[in-house]
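The following block contains the structure, expressed as structure tokens.
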Amino acid sequence: MNSECDFLTPPLLCLTVVLLSALSLQPLAQWCRLLPKDAAKMPESAWKLVFYTMSWSYSTYLLFFTSYSFFHDPPSVFYNWKSGMSVPTDIAIAYLIQGSFYGHSIYATVYMDVWRKDSAVMVVHHIITLALISFSYAFRYHNVGILVLFLHDINDIQLEFTKLNIYLKSRGEGYHLLNDVLSNMGSVSFSITWFWFRLYWFPLKVLYATCVSSLQSVPNIPFYFFFNTLLLALLLMNIYWFLFIVVFVVKVLKVKEVNDVREYEDEEGDNAAAGLLKEPQAENHGGDDAGHHNSAQ
């Protein structure tokens, strides 16, 4: 009984910290006097930044500060592989946290988060990611899973950091240079690491290990085509989102302003976002915020 409690304590502590941070973010958005449209999205980005920072830090710890050599020696993910082998506790903790998060993310994207141009693809991404987490754990491909999580979570940290600074640079009906500079720095690093981690290292390390090294280490390895099909679908979605990044870079070069190119910019979307804020402050400053937003556009 005690061992089970010890196993569950780190994931529960992590999720509790994230939940508490999420509950305290809406008042913070109102205190910063964000535009109604930005204040509606700020809590989503802030709590995701907290979660991804914690999850990526943990996967970094596993890959670089323990005896696991999966990053430097990707074929080692299948060394001594056996069907039904035991999953190390430290890796199982990472799986429990990530599985819980992506299970919630499917619901949150559909019913809670602001709907964007790529939200339908995002739902598919979360479903595939949850399937990869579940099946890789069941098939005992957990070593590959840790490597996949490490290569993907870093971009989400940079994305949410950049979005937060985009929201904050126009707070209080003014312009804040520091947040503008940070948003530009975040967008540059996000674009570079997306290509490097997801489009270079992911095929080089993960797909090579699962498509080639797996057959060399374990001939007739089970679920070979099923597992690699899911990973290839993940790569295709990474390429799809890279097209958004290219459009984003072109937009920045033309208008010198960092914004999320996935957002809908119609009046109905703005009114819906503004409706989420029911505090007197949002009602009192609605006209000023709308004018400021239109001038910024």
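Placed from the backbone N, Cα and C atoms, the Cβ positions cover glycine too.
According to TrEMBL, the protein carries these features:
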type: COMPBIAS; residues: 280-297; note: compositional bias 'Basic and acidic residues'
type: DOMAIN; residues: 40-254; note: domain 'TLC'
type: REGION; residues: 275-297; note: region 'Disordered'
type: TRANSMEM; residues: 12-29; note: transmembrane segment
type: TRANSMEM; residues: 49-71; note: transmembrane segment
type: TRANSMEM; residues: 92-114; note: transmembrane segment
type: TRANSMEM; residues: 120-139; note: transmembrane segment
type: TRANSMEM; residues: 223-250; note: transmembrane segment
Note the mean pLDDT of the domain 'TLC' (40-254), expressed as a whole number.
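Summing pLDDT over the domain 'TLC' (40-254) and dividing by its length gives 89.
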Could you tell me what the rest of the chain brings near the transmembrane segment (223-250), counting residues at least six beyond its ends with Cβ under 8 Å?
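Hits for the transmembrane segment (223-250): 118, 121, 124-125, 128-129, 131-132, 135-136, 139, 141, 148, 187, 190-191, 194-195, 198-199, 202-203, 206-207, 210-211, 214-215, 260-262.
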